[in-house]
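Written out below as structure tokens is the structure these notes cover.
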Amino acid sequence: MPKRRDILAIVLIVLPWTLLITVWHQSAIAPLLAIRKACHHLVKEIFIIPERLAVRHHRLSDDGVEGKREAGGQAQDSKEYCASDKDIVEVVRTEYVYTRPPPWSDVLPTIHIITPTYSRPVQKAELTRLANTFLHVPNLHWILVEDSQRRTPLVTRLLREMGLNYTHLNVETPRNYKLRGDTRDPRIPRGTMQRNLALRWLRETFNANSSQAGIVYFADDDNTYSLELFEEMRSTRKVSVWPVAFVGGLRYESPKVNAAGKVYGWKTVFDPHRPFAIDMAGFAINLRLILFKPQAYFKLRGVKGGYQESSLLRELVTLNDLEPKAANCTKILVWHTRTEKPVLVNEGKKGFTDPNVEI
Amino acid sequence: MAARMKLKLKTVFVLYFMVSLMGLVYALMQLGQRCDCTEHDMPKDRTISRLRGELHRFQEQIRKSDVTKQPQKLPAKPTIFVITPTYARLVQKAELTRLSQTFLHVPQLHWIVVEDSPHKTPLVSDLLVKSGLAYTHLHMPTAKDRKLQEGDPSWLKPRGVEQRNEGLRWLREDRRAQPGGDNQQGVVYFADDDNTYSLQIFEEMRSTQRVSVWPVGLVGGMKYERPVVEEGKVVRFHTGWRPSRPFPMDMAGFAVSLKLVLANPEACFDGDAPMGFLESSFLQGLVTMDELEPKADNCSKVLVWHTRTEKPKMKREEALQAQGLGSDRAVEV
């Protein structure tokens, strides 16, 4: 009898205190959450404005350089931005030098884009239109890794002329490398060594303790990216995921997200039981995570088709930690397009066109 | 002794319980009010005020650039009118997205998108609105017998003819109504939605007086096709396929000045022309070979590529659809 009473007593003592503590904890967090939301909203506004601003700057600066001025131009939607700012107190006059990428902001996390590339006829075209996309994204750092013995002049010149913030690396994948005993598929999947080199470069360049916020994204040179995608990935805390169109023989593959906003599976037909059934273009990793786990790399050999992404992600994060983006993985913001190999029949054996002309 | 103990315990309990309950109620009341914890907010607050400052700076910039545009008296840069025929297929949204990202860098560009469809589709309408470009959205369906069927090779029937002609028709009608009449500055360029354009090509074509030409990469079964220039004039064309055509060029290899388009209201693309003669059917009535203006460093640089996008493999999608388990149609791809 006294024992039961003791238990009752303990319960009655402990219960209100635990309730008190949890409630107190909640009340301390709530104002912080509200502020973070406000921060996010403001950051979103600033992302959108530079896009329009970038256009205006190019037009203005173009005129400035050539000494002409535009008459009436295309002032479509600046009105909606300006209508509300009747209460601006300070007028900051900033002189912008004509730079094609948007001006660097010291608040936005940098997006490090790792693109492996290799020489083929469409290479310059692919890199050109990819660069045209990246020129719209603020705080972008392009890490281009060539699959070649030496850095080619084509890519070197292209990077220099584009005006993007870039790092140019190269590593050659050994061709026809035969492993003793591994007869299934001795080849290293394309782009793996290049991506690993970029990861190593990031780890050597950035200190784990520094406060530089960064996001790492693997972008192949033939895919198509919407500008919204880069703003979605900027808020990645560990690893964020979203749907990708035209992969796995489907209109799109996407992570399965439950009502609580957590990823619990993969909506794919091709092997949905992979640890991470997602395409290279469907996720982004926070730089801090890359630096904290310096052993995590893409597995070079013995990787089954479709398991490349899992080989890296399983060392970094669990399914529960994934952050779904793109409106809880319901919008398509990246397309896994592939460019046709051009038919060069008329070149013949000796080559019809002048080889000195770069394409 | 036991009775007294019991009593004491009971009162202790009750007291304790009351105190805890009061504490809980106090905490719950605290939840509704604003907390005075300034030491937590500092870094977030600072970030917010910095962001606000940047936002205001940008807004001021836009407002200032708008204001300074008003009192202009000097002539504007010639507008480039880009006519793009497009049709619904899986990769349409992706193609138009990356095309619009390129065009967004080009000042004074007006995009004329003509859909091969009996009515304007919401996919294209929404994309154009969000693109931030100056645009015109038109539509013109191709007649059934002229349309490529599923499985036809791409060269069997000419594509985009009716759409380009519709673009020209709208342009002539719109420009007639503008002040300046037939003397307006402008350049007309036909840009297909799967090609790749560098930003330099648009600056090269802006100075077109009649018809300007340049090399095009990855076309005609070769690395590039180009006009051959001697002493600043085009003398012949370097192409691997039927070089005897009047203008053996690709659609992406030339631009026409607006003045010429307005001065020749009958000039348009002939859908009945034999394969490869589409461009010639348009240019024949407008210009002769020696009047062509070579651009891109006397036609020695490739600034535009005739890339083509693979059709995505939908085997699994089709299999799923047969079972009624296809992907959500509401999600736009």
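Counting begins at 1 with the first residue displayed.
For all residues, glycine too, the Cβ spot is worked out from N, Cα and C.
Per TrEMBL, UDP-alpha-D-glucuronate is bound by A:Pro116, A:Thr117, A:Tyr118, A:Arg190, A:Arg195, A:Asp220, A:Asp221, A:Asp222, A:His336, A:Thr337, A:Arg338; the candidate from A:Asp147, A:Asp271, A:Asp354 named for the same site is A:Asp147. Annotated pair A:Asp220 (UDP-alpha-D-glucuronate binding site) and A:Glu309 (active site, proton donor/acceptor), C-alpha to C-alpha distance, rounded: 13 Å. Counting only the Cα atoms, the space from A:Asn346 (site 'Interaction with galactose moiety of substrate glycoprotein') to A:Asn328 (N-linked glycosylation site) is about 49 angstrom. Maximum intra-site Cα distance, UDP-alpha-D-glucuronate binding residues A:Pro116, A:Thr117, A:Tyr118, A:Asp147, A:Arg190, A:Arg195, A:Asp220, A:Asp221, A:Asp222, A:His336, A:Thr337, A:Arg338: 21 Å. Counting only residues at least six positions away in the same chain, the Cβ atoms of A:Val122, A:Glu126, A:Thr337, A:Arg338, A:Thr339 sit under 8 Å from the Cβ of A:Asp222 (UDP-alpha-D-glucuronate binding site). In this structure the alpha carbons, written CA, of A:Tyr118 (UDP-alpha-D-glucuronate binding site) and A:Glu309 (active site, proton donor/acceptor) are 20 Å apart. Calculated from their C-alpha atoms, the gap between A:Glu253 (site 'Interaction with galactose moiety of substrate glycoprotein') and A:Glu309 (active site, proton donor/acceptor) amounts to 14 Å.
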